[in-house]
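Notes follow once the structure below has been shown.
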Amino acid sequence: MLHGGGRMLAVWITTLFLLDAAKGREVCYNRLGCFTDNPPWSGIPGRELAGVPSSPAAVNTNFHLYTRDNIRNYQKISASNPSTIKTSNFQAYRKTRFVIHGHLAGADLPWIASMCRFMLHVEDVNCILTDWRDGSSGLYTDAVNNVRIVGAELVYLVNLLEKDYGYSPANIHFIGHSLGAHAAGEAGRRKPGIGRITGLDPAGPLFQYTPPMVRLDPSDAKFVDIIHTHAGHLFFDFAPGILQTCGHLDFYPNGGKKMPGCRQLRVPPAVRNINDLMRTYRSLGCGHKRSLRYYAESIITPNGFVGYQCETYRAFISGACFPCPKGGCPLMGHYADVFSHKTEKEHQKVYLNTGPHSPFARWRKEIRVKLSATETMKGNIDVALTGTNGIRRKYTIDKGTFKPGNTYLNYIDTDISGNISKVEFRWNKHLGHVHQGCMGAEEVIIISGGDGNVSAFCGRGSVQPSTWQTLMLC
Ligand SMILES: *[C@@H]1O[C@H](CO)[C@@H](O)[C@H](O)[C@H]1NC(C)=O
Ligand SMILES: *[C@@H]1O[C@H](CO)[C@@H](O)[C@H](O)[C@H]1NC(C)=O
């Protein structure tokens, strides 16, 4: 819907020196300035379909403030009407976190709306949901253009806070999902000194492999962290998220392309158009939304989502980059800024695994099982871990041929968050295996990836196949 079209102060100027009639346009608004479709905004590889944005009135960016004094009902604040801020619960001594949604969304979507509630549960901040549903509700390509207006609106508000309240941009954190991530990047490009930007599965189409100016990149804030959850290429794998690194820390949970618990979607065969694809994707976008859900859970799980800095996901899976080095590991999500080496380099890749449904956090452990047996056996070996909280989980450590005295190891991602109080061992013979011997675990060593804690559990004797042997701390 369009608001107050008559009030619009747009001035359309067709410049004469560009031959391409579709390019070289500029729109100007007295509050936010001018926007052109000159390169790199449009007319470069990957951005052919981009253009100038709609008017600020049509994009209709609204700021909904939540604080601990109003957790349930937001207060609408506007820099065009500073008294709305003065009479609100905004406090200049607090950090301010903005949550910015993406295409075909609004601030009332459940996983957007819950973000402020989660934060206010653990911290005293100004939490502002940025609603630009009018600008995001049309074609994907139009929403891409409107990201520039949202970025400018964010800066218009930040500038007012700076002027009227002496509020430092360093205390500002933008959290943007999908196109909202690039709106945050645009705000950071326009306003130097923003403290942090978190990109939650930043949109790929029209941004992937484009110049840093038009997309989120590490120069947009003092610290930029990214969570990639459905990264790839729209036409090859129907992925709406950006695959390339675009922050200081780029987290790729589960490899960043395919989330456990999400069905892998196929490109609808008849659809070959970006706008149709993005609209089709919208209703089904499980992986794309996971970035929001991981972030929300991370707020209330301060020791969860430990990430491992590794060159590739394959290396991480095989156990490389384990356990965390002396300086510690970065945490994915809300507490990523605690990591002391966070801005040492740009484009640092970080990997971790999550569970298939909520709660998603997992803790990675290396399990080493030293076997005692009378003879070489064929089959598989399992361990069951019991946490001090009583949770018991079974894991298969290895399958194949086992030699007495040898140690077999594997990596697991467990939902047991604390210390382990008990370990059990079990083996199963291969079908048709004729040996009559017994097998036991002489020792099971568990290394926790996050803190490097090594604990040894000792067993006595061996057990028959398919029965559990209990081991206790040595
Ligand atoms: C694990 O054990 C250590 C040392 O006994 C203790 O400091 C820590 O709080 C325990 N962790 C949990 C989650 O119980
Ligand atoms: C290391 O882990 C063991 C077993 O889970 C636990 O008993 C011990 O308290 C932990 N130590 C520390 C320092 O966390």
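Here, residue 1 is simply the first one shown, and the rest follow in order.
Yeah, the Cβs are placed from backbone N, Cα and C, and that goes for glycine too.
The active site, nucleophile annotation in TrEMBL covers Ser178. Taking the Cβ of Ser178 (active site, nucleophile) as centre and 10 Å as the limit, one finds 32 other Cβ atoms among all the protein chains shown.
In three-state terms derived from DSSP, Asp201 (active site, charge relay system) belongs to neither a helical nor a strand segment and is classed as coil. If you take the C-beta of Asp201 (active site, charge relay system) and look for same-chain residues 6 or more apart in sequence within under 8 angstroms, you find His177, Ser178, Ala181, Ile227, His228, Thr229, His230, Ala231, Pro240, Gly241, Ile242, Gly287, His288, Arg290, Ser291. Residues annotated as active site, charge relay system in TrEMBL: Asp201 (among others).
The feature active site, charge relay system is assigned by TrEMBL to His288 (among others). Look at His288 (active site, charge relay system): DSSP puts it in a helix. There are 25 other Cβ atoms within 10 Å of the Cβ belonging to His288 (active site, charge relay system).
All chains included, 25 other C-beta atoms sit within 10 angstroms of the C-beta of Asp217 (Ca(2+) binding site). Annotated Ca(2+) binding site per TrEMBL: Arg215, Asp217, Asp220, in sequence order.
The annotation disulfide bond is assigned in TrEMBL to Cys28-Cys34 (among others). Cβ neighbours of Cys34 (disulfide bond) (same chain, under 8 Å, six or more residues apart in sequence): Glu26, Val27, Cys28.
Annotation source TrEMBL lists disulfide bond at Cys116-Cys127 (among others). For Cys116 (disulfide bond), the same-chain residues 6+ apart in sequence whose C-beta sits under 8 angstroms from its C-beta are Tyr66, Ile71, Val99, Cys127, Ile128, Leu129. DSSP assigns Cys116 (disulfide bond) to a helical segment in the three-state reduction.
Within the same chain, residues at least six positions away from Cys286 (disulfide bond) with a Cβ under 8 Å of its Cβ are Met259, Gly261, Cys262, Arg263. Residues or ranges marked as disulfide bond in TrEMBL: Cys262-Cys286 (among others).
DSSP assigns Cys310 (disulfide bond) to coil in the three-state reduction, placing it in neither a helix nor a strand. TrEMBL lists Cys310-Cys321 (among others) with the feature disulfide bond.
Here TrEMBL flags Cys324-Cys329 (among others) as disulfide bond. Long-range Cβ contacts of Cys329 (disulfide bond) within its own chain (separation 6+, distance under 8 Å): Val306, Gly307, Tyr308, Gln309, Phe339, Val350, Gly449, Gly450.
Cβ environment of Cys474 (disulfide bond): Glu443, Ala456, Phe457, Cys458 lie under 8 Å away, each six or more residues apart in the same chain. Secondary structure from DSSP puts Cys474 (disulfide bond) in coil. Annotation source TrEMBL lists disulfide bond at Cys458-Cys474 (among others).
Annotated domain 'PLAT' per TrEMBL: 363-474, in sequence order.
Annotation source TrEMBL lists signal peptide at 1-24.
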Check: same-chain CB within 8 A of Ca(2+) site center, minus Arg215, Asp217, Asp220: His182, Gly185, Gly188, Arg189, Pro212, Met213, Val214, Leu216, Pro218, Ser219, Val224, Cys246
Around the Cβ of Cys127 (disulfide bond), the count of other Cβ atoms that are within 10 Å: 26
Distance, Cys310 (disulfide bond) to Asp220 (Ca(2+) binding site) (CA atoms, angstrom): 24
Listed disulfide-bonded residues among Cys310, Cys321, Cys324 whose Cα sits within 10 Å of Asp217 (Ca(2+) binding site): none
Residue with minimal Cβ packing [other Cβ atoms within 10 Å] among the disulfide-bonded residues Cys262, Cys310, Cys321, Cys458: Cys458
Long-range Cβ environment of Arg215 (Ca(2+) binding site), under 8 Å and at least 6 residues apart: His182, Gly185, Pro202, Phe207, Ile242, Cys246
Residue with minimal Cβ packing [other Cβ atoms within 10 Å] among the recorded positions Cys28, Asp220, Cys324: Cys28
